[in-house]
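Annotation comment: TrEMBL describes 149-281 as domain 'GGDEF'. The transmembrane segment annotation in TrEMBL covers 20-39, 51-74, 86-110.
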Amino acid sequence: MISELILTYYCWVEPNLDVRLSIVAICSVLLCCNNLVDLVQSKSSHFLDTLLKISLYGMIFAIVLRAVYMVLIYNQISWIEQRDLIWALTQFLMLFFAIVMITIFISCSIQDTLIRLSRERNLDPLTGLINRRALDEHIERLKLENGHKQHAIILCDIDHFKQVNDQYGHAVGDAALKHIAQMMNKAVRKSDEIARIGGEEFLILLHDVHEGFALTVAERIRTVVEMTPLQIEQQNIYMTVSFGVSFFKHYDDIAQAKQNADLLLYQAKKFGRNKVQWQLQSQLKTLNTLKP
């Protein structure tokens with residue numbers, strides 16, 4: 001506001017080109033430096049962010065250089081008429097970095113759109129877990145890997161979930177799915193995958209694990225879900241989850257392992273629900289549930 005008043009004064013009351021140009025240059029520096037600390041402290045999430053920061057630094061350098069130079073040659077208006085080299089250089093740099101920033105902004109916008117579309121395609125919008133499509137694509141990539149380490153599939157299904165929907169409504173049912181998904185996320189490693197593959201059915205893929213670790217993960221989730229009710233409007237809604245756990249060594253055998261886990265999950269529900277049913281050496285065994 002003050003700069004506008006000064007510019008108006010030296011434009012109409014007492015015309016002075018040097019003063020107007022100096023004021024514009026100084027105000028430009030102040031505007032650029034206003035958020036300079038935030039710019040320096042900001043973290044780049046990908047390569048385009050780094051390029052954008054570099055171009056912003058270049059723009060600030062050109063603006064500061066022009067302001068300093070204009071202050072040094074103040075009251076020498078002939079330098080404009082003589083097409084001064086430094087003035088032309090700073091103008092060129094500002095134009096160059098402006099074009100670079102516009103290009104990067106457009107590229108960032110395109111990249112963000114592609115990332116958003118990819119997330120919408122591969123993630124379940126309710127729980128934030130990967131969906132069946134993303135899981136299948138990930139498994140196809142894993143099949144290209146060679147190895148003989150043991151892996152595990154855990155199929156999980158919320159017990160009597162239809163009753164939760166019927167009694168409390170679909171909004172509470174959605175909250176229950178998110179509630180359980182969060183507890184599952186906390187129970188696995190970052191290298192493992194959790195997918196929502198059906199209405200109330202989840203699949204956990206554990207890489208390079210022994211039987212005891214996989215069963216511990218399943219039992220931990222079962223216990224936490226049983227002991228941690230969903231709190232809705234000062235009301236506690238208790239739920240349980242049934243599990244089928246199957247093991248395999250080659251990713252080419254993952255389809256058979258998934259089929260085995262599905263059978264084990266069916267048996268866990270048949271034997272009373274809230275159980276971890278597992279398979280080891282072609283024998284079906286039941287991991288006894290721990291009652292609080």
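Our numbering is plain: 1 for the first residue shown, then up by one each step along the chain.
Glycine is treated like the rest: Cβ placed from N, Cα and C.
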Positions whose Cβ lies under 8 angstroms from the transmembrane segment (51-74), at least six residues beyond its ends: 18, 21-22, 25-26, 28-29, 32-33, 36, 39, 42, 44, 84, 86-87, 90-91, 93-94, 96-98, 100-101, 104-105, 108
Same-chain residues near the transmembrane segment (86-110), Cβ under 8 Å, at least 6 residues beyond its ends: 48-49, 51-52, 55-56, 58-59, 61-63, 65-66, 69, 79-80
For the domain 'GGDEF' (149-281), residues assigned helix / strand / coil by DSSP: 63 helix, 37 strand, 33 coil
